[in-house]
Amino acid sequence: MASPSESIDRSRLWWAAIKLPMYSVAVMPIWLGTAVAIAETGKVHWWSFGLFLTAAVLILVWLNLSNDVFDAETGIDRHKYHSVVNLTGKKELIFWLSNVCLLLGLLGIVAISWLQQDATVLGLVLLCCALGYSYQGPPFRLGYLGLGEPICFICFGPLAIAAAYYSQVQTFSPSIWPVAILNGLTTTLILFCSHFHQVADDLAAGKRSPVVRLGTARSAQLVYGACGLFYGVLLASVAWEILPWPTLLALSSLPWAIYLCQRMAQFHSVPEQIKNSKFIAVQLHFWSSLLLGVGYLL
Ligand SMILES: C/C(=C\COP(=O)(O)OP(=O)(O)O)CCC[C@H](C)CCC[C@H](C)CCCC(C)C
Ligand SMILES: O=C(O)C1=CC(=O)c2ccccc2C1=O
């Protein structure tokens, strides 16, 4: 029988494996695309909203479970004790569980397309899933070449937000671009920050993440650049009246950006100190995207 301290350690590992806060990356594009649609039409299709939210969460479960399966195959996760595959020792089972989540998620999207009698949303989400697979699955494993960040930006920015907007109004509009760029930027920052503490394991497994390529010091400067770009795009879009002025509420996320930049600058090469930095980036993403949407609705 496991001792009390062993079971506390195990529940900590399971909590780290589930990564609950990370699921805001699935929720926010749907929230933002829907908020822009409501601001423009004054209407909301609750069925589409609910189905899309549920589907996006299921697709993210697939992405994360299958990531653990594929990373177990390359050996890159051998020190990742909170990998679901390492915790259960059941790679096959996790693989099939991940596929069931993908299937259920896609069924939700099929239901939206059926309600709309239009396959556009399904096409956009299938493209996201194909790109998500190419990030981690064989034979592509584009993340190992350092291509995860552009893929992440395209999927969680323009593609997901266009799909969410289309699921409400059944048309496209250039008005989604600022929120697509802003949400894409902060989601990509999460992925970028997740690489800092993994440099040694990534190098050993031949994964050339952007942080491996640039080195941790220059990568930490890039975090400042990305945050500067985020607030620059926000201010410029409001100044040019592309975004409504209440979206300036998103400036309230600034303390998280400052905290993230300072922590990365100070500890970029100390894995133990920055292993949770991606969750600081998650806070920045959550508050900025939530408040951008609120700003649209005010
Ligand atoms: C699984 C992801 C990152 C984990 O990467 P890594 O292997 O370095 O981390 P571990 O240390 O935890 O093993 C995220 C990858 C994101 C990917 C580039 C793009 C995914 C696109 C999604 C399918 C889009 C879903 C959109 C939805 C809202 C409809
Ligand atoms: O586990 C992770 O590091 C990430 C999981 C995930 O689903 C995600 C989604 C979008 C951007 C980054 C990330 C991760 O970093």
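Heads up, the Cβ atoms here are built off N, Cα and C, so glycines get one too.
Here is what TrEMBL says about this protein:
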{"type": "TRANSMEM", "residues": "20-39", "note": "transmembrane segment"}
{"type": "TRANSMEM", "residues": "45-65", "note": "transmembrane segment"}
{"type": "TRANSMEM", "residues": "93-113", "note": "transmembrane segment"}
{"type": "TRANSMEM", "residues": "119-135", "note": "transmembrane segment"}
{"type": "TRANSMEM", "residues": "142-164", "note": "transmembrane segment"}
{"type": "TRANSMEM", "residues": "176-196", "note": "transmembrane segment"}
{"type": "TRANSMEM", "residues": "217-236", "note": "transmembrane segment"}
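The largest share of C-beta pairs under 8 angstroms with the transmembrane segment (119-135) comes from 93-113, of the ranges 20-39, 45-65, 93-113.
It is 20-39 that, among the stretches 20-39, 45-65, 93-113, 217-236, forms the most Cβ pairs under 8 Å with the transmembrane segment (142-164). Sequence-distant contacts of the transmembrane segment (45-65) (same chain, at least 6 residues past either end, Cβ-Cβ under 8 Å): 19, 22-23, 25-27, 29-30, 34, 84, 94-95, 97-99, 101-102, 104-109, 111-112, 115-116, 121, 125, 128-129, 132, 136, 160, 163-164, 167-168. Non-local neighbours of the transmembrane segment (93-113) in the same chain are 48, 51-52, 54-59, 61-62, 65-66, 68-69, 84-85, 119-122, 125-126, 129, 167; each lies 6+ residues outside the stretch with a CB under 8 Å from one of its CB atoms.
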